[in-house]
């Protein structure tokens, strides 16, 4: 059968929060079957636990923030994208601050950390959410849609009236049965415009942002000396965000997500709409791994 997955070993990292600019210590620990991904604010007494779930998202300004009784865990989407890409179901994520570390602005460092910890299969079937019918949410000219698909596919399009974007592909579609998340999506960094940064900082946002953890664009060009990691890195990062946001459903998906200019708020609205329409999805397991339309890399054997 396709089994649930957790980590083999504890893994630690240190970084800064993209929006708070605060130093943050992160520890990721293995967790039992059916735990899900649980964030723990260990800087608080008593410690507050917030499970990654669609209905736990309380703020969606520039990131997905989990909120419970006024306690926050911000910018969870890049880490959750790495967890989704590696098919990890269960983990405890301990944090010393109200925001995940931004690392280099992509999911790449998280993928590396998780692979270094090693992935362990558990004694229970992995649960998938299979999309059974089309569901769409809209806001102005933005849309987010789920459609049935025998596998996991993400199609995303963006529209920026800007010289840097006009010369690059603003549409990408990836079927994850044939394309590696780790190779094609994980390294895409978040991006921002110089013109927005002063305003964001006046709102106490993007305080930790720099060319070390984001692609920064002025009126005409990309300011990062090394340029882009993928020619379509902008739209690939929006896919990365969406994959992380969708993992807040709590299980891996069997279906296609189609986003047009969608962001964290609309992605979350789609999850809530799917959960509201109980006939739009079903939870499935696979006794025979060869029957599954989705596959994951074999667990990486970490040093014992």
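A Cβ is built for glycine as well, from the same backbone N, Cα and C atoms used for every other residue.
Here's what Swiss-Prot has on this protein:
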ACT_SITE  264  active site, proton donor
BINDING   78, 237, 241  Zn(2+) binding site
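Structural mapping of features recorded in Swiss-Prot.
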{"residue": "78", "record": "Zn(2+) binding site", "contacts (Cβ under 8 Å, 6+ apart)": "100, 102, 103, 105, 106, 107, 110, 190, 240, 241, 244"}
{"residue": "237", "record": "Zn(2+) binding site", "contacts (Cβ under 8 Å, 6+ apart)": "106, 188, 189, 190, 191"}
{"residue": "264", "record": "active site, proton donor", "contacts (Cβ under 8 Å, 6+ apart)": "57, 60, 62, 63, 64, 77, 241, 245"}
When a 10 Å sphere is centred on the Cβ of residue 241 (Zn(2+) binding site), how many other Cβ atoms does it contain?
25
Which secondary structure state does DSSP assign to residue 237 (Zn(2+) binding site), in the simple three-class scheme?
helix
Excluding 78, 237, 241 themselves, the Zn(2+) site's Cβ centre has within 8 Å the residues 77, 81, 105, 106, 107, 188, 189, 190, 238, 239, 240, 244
Secondary structure at residue 78 (Zn(2+) binding site) (DSSP, helix/strand/coil)?
helix
May I ask you to report the DSSP-based helix, strand or coil state of residue 264 (active site, proton donor)?
helix
